[in-house]
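Residues annotated as region 'Disordered' in TrEMBL: 26-51. Positions annotated as compositional bias 'Basic and acidic residues' by TrEMBL: 35-51. Residues or ranges marked as transmembrane segment in TrEMBL: 99-118, 139-161, 185-206, 250-275, 295-325, 415-435, 444-464, 470-488, 495-513, 533-555, 594-611, 631-653 (among others).
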Amino acid sequence: MVTHNGERSFHGDGYENATFAVEETPASRTMTIENEDHGDGGGSRRDSDDKLPSVEMIFKGKVEPSWTEQLTIRAFVVSFVLGVLFTFIVMKLNLTTGIIPSLNVSAGLLGFFFLKSWTKLMEKSGLLKQPFTRQENTVIQTCVVATSGIAFSGGFGSYLFGMSSTVADASSETNVAQNTKDPSLSWIIGFLFVVSFLGLFSVLPLRKIMIIDYKLTYPSGTATAHLINSFHTPQGAKLARQQVRTLGKFFSFSFLWGFFQWFFTAGEGCGFANFPTFGLKAFDNRFYFDFSATYVGVGMICPYLINISVLVGAILSWGLMWPLIKNRKGDWYSAELSESSLHGLQGYRVFISIAMILGDGLYNFIKVLGRTIQGFIKQYKKKEVIPVTERDSPQKVSNSYDDEVRTKLFLKDGIPLWVSIAGYVAIAAVSMGVVPKIFHQMKWYYVLVIYIVAPALAFCNAYGCGLTDWSLASTYGKLAIFGIGAWAGESHGGVLAGLAACGVMMNIVSTASDLMQDFKTGYMTRSSPRSMFVSQIIGTAMGCLISPSVFWLFYKAFKDLGSPESQYPAPYAAVYRSMSILGVEGFGALPDHCLTLCYIFFFGAIIINLIRDTIAKKWAKYIPLPMAMAIPFYLGSYFAIDMCVGSLILFIWGKLNKAKADAFGSAVASGLICGDGIWTLPSSILALAGVQPPICMKFLSRGTNSRVDKFLGS
């Protein structure tokens, strides 16, 4: 799903069988555009295992490891290494455009490759004590995605960095001390530790009801399980090795390409990333191809409609609207205002994109909530009673051999009810004491109110995600921004209180749906619920340490981090801060005529979604997605062009050899993303060490070049 944190995830089965999220993830473990995931529905479909040849018959006769045997030291060592790798990737994407592709396939694939290689080496040396199983592979995948997921839900590119004076100064609005808090490694780690685990305990008692009794689909979790199961068959292992080799080749190419580009970036505006592909006038309006291997890879993973929607949004905003509004300078807004002021052109960019995001989010919130209630009523009528815990839920007789063997293990390794209640109460009590110490604007009773309503919202998010594969974590976070921010008020630091409340709420509801996705994956790979839960906790704990450390490296290495013109503009930090300002100050924060345009785009997003859901599917796939369209309103179109190039490559490849494109497309894309993403580590170290690139490659107009030559000649 597009989750994760931005809010939709792209995984190959969201809108038109491909999920996507902006902002956020990996919430439902697909692609994140600001974290509202939009799947293709999924309804209350049952697993398709009973229509396919039995999967468990393939593994019949193999000794299944106990839940403690699934939690191996080697699995967590591999998880740590991959967690660091993927955290760098997610952090870079967070701080550039906020579009984060699903890393589930890469996590499962690389986890399989590393441990398979390790066990083969141990086997040849006669030291192998325990074979590598699909359960151990599931533990790795769960731990890695939980670790890197904190890079998104932690708000490093959104609400958390939006608190900083850097973002506040860039907007030149409401940047008094009580509404700002600059990043510090100590308080970020403390905050994440007290808010990131609650969601895991909030829906734990309902695991059997959702997975076995209601047979919720959880498309992303199901797809991941099918992938892992296939790896551990002879044919799947052979294909996996070929995919890993392909990923390695493009990883190396992408890393070396990033290294090569670095040599030409000695000054501001230098390098291939500033190549005026379509001319200098188009470049000034942010239309150019910036040679980013990352976003070419992202484009190969995202559905065609997502990429086209982003491009349409870029043309509408930077090609038409902003040049026209800029011509109204001195009429609609003061000519003396800086371009970064929210009362100037920047205000139109930010608030119109917010209006589209909120309109899209509201529509899909109501839609998913309606489906959730409808599905819940169906189950109520079937059972005549809604079970409160898994003890109360009636047993179902399964007609499938796969369901029988999976259910037996799933029920065998139960997790006591007292664990979830005690865990939730204990962490909530600690959090109520710690969060107000970190943010004095966030009173303890604000936190208490969030924790009272959060379990119900976490259930709704986890249940709706099971039906539709959509995680609405960021929507709940935005509700907290407006609710708590307005409650606190402008004079009592409402802007910062709203952002902190967003973080508390988002972490709870996001991890709740993530846990259920993992339980579904574990159920279908016959992994113990206990090992899944422990893996999720360990992965979350690692993420609470790794993500702040990686962010801190970015923060210290790139001094202009968060600036609109920076290599890392962190666009959603400004968007989330602007939402909080809007919630506290009201519409008075908007420049002239901006409110009218916001209304048009808010209702336009709702109408577009409504049309998509009412017309025939064959026509709906040609209608752009409002959330995807909103992303370039603030950033520009350069990454949209990169993504469309990725789509074009995949399209041509599919026409030439569809089988190879289907088998290796995601491996190529993952290699491009991973290589360019990991180059960030050495580039950050070079920046910290004060090592500067030797060359500045810059492009000038003919007139400017003549003036430069004349100046140098004199």
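A Cβ is built for glycine as well, from the same backbone N, Cα and C atoms used for every other residue.
Note: the stretches the transmembrane segment (631-653) and the transmembrane segment (295-325) are in contact (3+ CB pairs below 8 A, sequence gap of 6 or more).
The stretch with the most CB contacts under 8 Å to the transmembrane segment (444-464), chosen from 99-118, 139-161, 185-206, is 185-206. Sequence-distant contacts of the transmembrane segment (139-161), counting only residues of its own chain at least 6 positions beyond either end whose CB sits under 8 Å from a CB of the stretch, comprise 3-6, 23-27, 29, 32, 34-35, 70-72, 75-76, 78-80, 82-83, 86-87, 89-91, 93-95, 98, 100, 103-104, 107-108, 111, 115, 167, 183, 188, 191-192, 196, 224, 228, 473, 477, 481, 499-500, 502-503, 506-507, 510-511, 514, 518, 521-522, 527, 531-532, 535-536, 538-540, 542-544, 546-548, 550-551, 562, 570-573, 575-576. Between the transmembrane segment (185-206) and the transmembrane segment (533-555) there are 3 or more Cβ pairs closer than 8 Å, counting only residues 6 or more apart in sequence, so the two stretches are in contact.
Sequence-distant contacts of the transmembrane segment (594-611) (same chain, six or more residues past either end, CB-CB distance under 8 Å): 347-348, 351-352, 354-356, 358-360, 362-364, 367, 587, 620, 623-627, 630. Long-range contacts of the transmembrane segment (533-555) within its own chain (CB-CB distance under 8 A, at least 6 residues past either end) are made by residues 71, 76, 79-80, 83-84, 87-88, 91-92, 95, 139, 142-151, 154, 156, 183, 185, 188-189, 192-193, 196-197, 200, 204, 415, 511, 514-515, 518, 561, 568, 680-681, 684, 688.
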